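Annotation source TrEMBL lists transmembrane segment at 20-39, 77-97, 128-150, 185-209. What TrEMBL lists as domain 'Connexin N-terminal' is 42-75. Taken from TrEMBL, the feature domain 'Connexin cysteine-rich' applies to 141-208.
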Amino acid sequence: MNWGVFEGLLSGVNKYSTAFGRIWLSLVFIFRLLVYVVAAERVWSDDHKDFDCNTRQPGCTNVCFDHFFPVSHIRLWALQLILVTCPSLLVIMHVAYREAKEQRHRAAGGDNYRRIYLNPGKKRGGLWWTYLLSLIFKAGVDVVFLYIFYHFYRNYTLPRLVKCELPPCPNVVDCFISRPTEKNIFTLFMVVTACVCVVLSLVEAAYLIGKRCRECLLATGEASRR
């Protein structure tokens with residue numbers, strides 16, 4: 001991974017975010033992305049290799065593992081992190097579009113040039129809607145993945161022992177999951193941080209809407225006094 005490019009993207013997202021957005025970004029980067037890269041991948045690296053069943057029947061262990069682990073935690077978290085960070089990059093792209101448009105207008109206007117945007121990064125007009133929709137999308141992605149995890153793994157926990165009787169298993173066999181306690185701890189940690197991110201996104205959306213409503217009311221009051 002090119003950390004220089006990644007640092008530049010983070011600084012751009014941080015520049016155009018509110019205080020709530022900066023907290024959200026820090027939470028995603030420190031408590032979700034770094035934990036995923038440094039620790040979580042290693043915890044799940046042996047999930048299939050050390051999934052033991054008390055049978056020698058060929059194919060039984062693979063079938064049981066596929067039944068109890070239909071989708072890997074690691075792959076779901078990777079997809080979740082990708083989808084939840086993409087909307088922030090769209091905000092940066094929208095600001096870059098505004099800056100490019102401003103430069104083209106400046107080049108075409110010459111001496112009679114008048115600015116289109118006093119501050120291209122200020123959340124007004126289309127950028128305000130882009131930012132607001134990005135918050136709703138990020139919260140929605142986390143909620144959907146929380147439901148997916150709950151659907152696949154009830155209560156977000158893994159049992160120490162599972163019983164499997166799927167063909168080609170000859171009878172009911174006992175299967176043992178590798179390091180279930182450690183995996184449950186990391187799963188609950190990622191679930192809690194995702195819930196906190198959802199709350200932060202919704203609070204930031206409410207803050208933006210409330211601020212815009214307040215500005216509209218003040219503008220209406222000033223217009224009525226004239």
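The backbone N, Cα and C atoms fix where each Cβ goes, glycine too.
For the transmembrane segment (77-97), same-chain residues at least 6 beyond its ends with a Cβ under 8 Å from one of its own Cβ atoms are 9, 12-13, 16-17, 21, 25, 28, 32-33, 36, 40, 120-121, 126-127, 130-131, 133-135, 137-138, 141-142, 145, 190, 194, 197. Counting residues per DSSP class in helix, strand and coil order gives 44 helix, 8 strand, 16 coil for the domain 'Connexin cysteine-rich' (141-208).
Per-residue pLDDT, averaged along the domain 'Connexin cysteine-rich' (141-208), amounts to 89 for this model. For the domain 'Connexin N-terminal' (42-75), residue counts in helix, strand and coil come to 14 helix, 2 strand, 18 coil, using DSSP.
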